[in-house]
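What TrEMBL says about this protein:
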- 28-49: transmembrane segment (TRANSMEM)
- 42-297: domain 'G-protein coupled receptors family 1 profile' (DOMAIN)
- 61-83: transmembrane segment (TRANSMEM)
- 95-121: transmembrane segment (TRANSMEM)
- 141-159: transmembrane segment (TRANSMEM)
- 180-199: transmembrane segment (TRANSMEM)
- 205-227: transmembrane segment (TRANSMEM)
- 239-260: transmembrane segment (TRANSMEM)
- 280-299: transmembrane segment (TRANSMEM)
Amino acid sequence: MAQFNETSSVLGFILLGLSAHPKLEKTFFVLILSMYLVILLGNGVLILVTILDSHLHTPMYFFLGNLSFLDICYTTSSVPLILDSFLTPRKTISFTACFGQMFLSFAMGATECVLLSMMAFDRYVAICNPLRYPVVMSKAAYVPMAAGSWAAGIINSVVQTSQAIRLPFCGDTVINHFSCEILAVLKLACADISINVISMVVANMIFLGIPVLFIFVSYVFILTTILRIPSAEGRKKAFSTCSAHLTVVVVFYGTILFMYGKPKSKDPLGADKQDLADKLISLFYGVVTPMLNPIIYSLRNKDVKAAVRKLVVQKYLTE
């Protein structure tokens, strides 16, 4: 009961964001808003063409539509809050809204990790076992695969968020971040968070380690199969079917490794600069990857480009 009373006494949190750098806030408001609009437009168009164009009613584009919807949900869970914080002097967020935003961000991030591995399996079957592709990747298979990705991400988020929300928060309620990032929130708890940390480590192994390993093994088999194709044209055509997905995977996981793998500065004078750099990297990670996904798939995929052109022409003719 004491723990419940301590937690419930916290009505909200203060998001520090770029409060120490007010001159940057207006600049980043315009920049992030522009990128957010590109995310909504690019991913919205991809979802539209994968639904309306019958040629794109295949497992690969079904997964791509899910990825685009996921990117819209992921950015919408945090970007409006971030934009508001750039314009509002008092950057507060209620206790309920904070953990709601944390839940959505965590769920979307974990879902994307699993979904990318499902997309890798789709490319593996298409290139390594093309004759069995219609059987293995039937609608009865790829729809549950996508649904399972969403379910896994949501279940993981329920576990992590429910553990965090039960912690007592007392004293300092200033989150040194743009949004309710779980590690930043856990630092404010006035209780032992070892269980939370262990749970997150296990979750990272499951939702980061296993998908990365699965994607790596899939592409080893894919590249081995491609190199066995006798003609250069055949190799180029086979690789083009998975190059967009491979690029998205490299951008997604490469950014994560850069964020959490870079060494920390031991110089106290450079701590503030590093803190600012960490915040900006985290901020751009949340918007750059979702913005690049539709661009990558549009530039490196003839089917998507053709479908977008067809949609534009149809709209022009109807007007």
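Note: Cβ is positioned from N, Cα and C throughout, glycine not excepted.
Predicted automatically and left uncurated, TrEMBL annotations should be read as such.
With a cut-off of 8 Å between Cβ atoms, the residues of this chain six or more beyond the transmembrane segment (28-49) that come close are 18, 56, 64-65, 68-69, 71-72, 75, 79, 82-83, 86-87, 283, 287-288, 290-291, 293-295, 297-298, 304, 307-308, 311.
Under 8 Å from some Cβ of the transmembrane segment (239-260) lie the Cβ atoms of residues 67, 112, 116, 119-120, 123, 126-127, 208, 212, 215, 219, 222, 226, 278, 281-282, 285, 288-289, 292-293, 296-297, 300-301, all in the same chain and six or more residues away from its ends.
Take the transmembrane segment (141-159) and the stretches 61-83, 180-199, 205-227: counting Cβ pairs under 8 Å, 61-83 has the most. Counting Cβ pairs closer than 8 Å to the transmembrane segment (205-227), the top stretch among 61-83, 95-121, 180-199, 280-299 is 95-121. Comparison of 61-83, 95-121, 180-199 by number of C-beta pairs under 8 angstroms to the transmembrane segment (280-299) places 61-83 first. Taken together, the residues in the domain 'G-protein coupled receptors family 1 profile' (42-297) have a mean pLDDT of 87 on the 0 to 100 scale.
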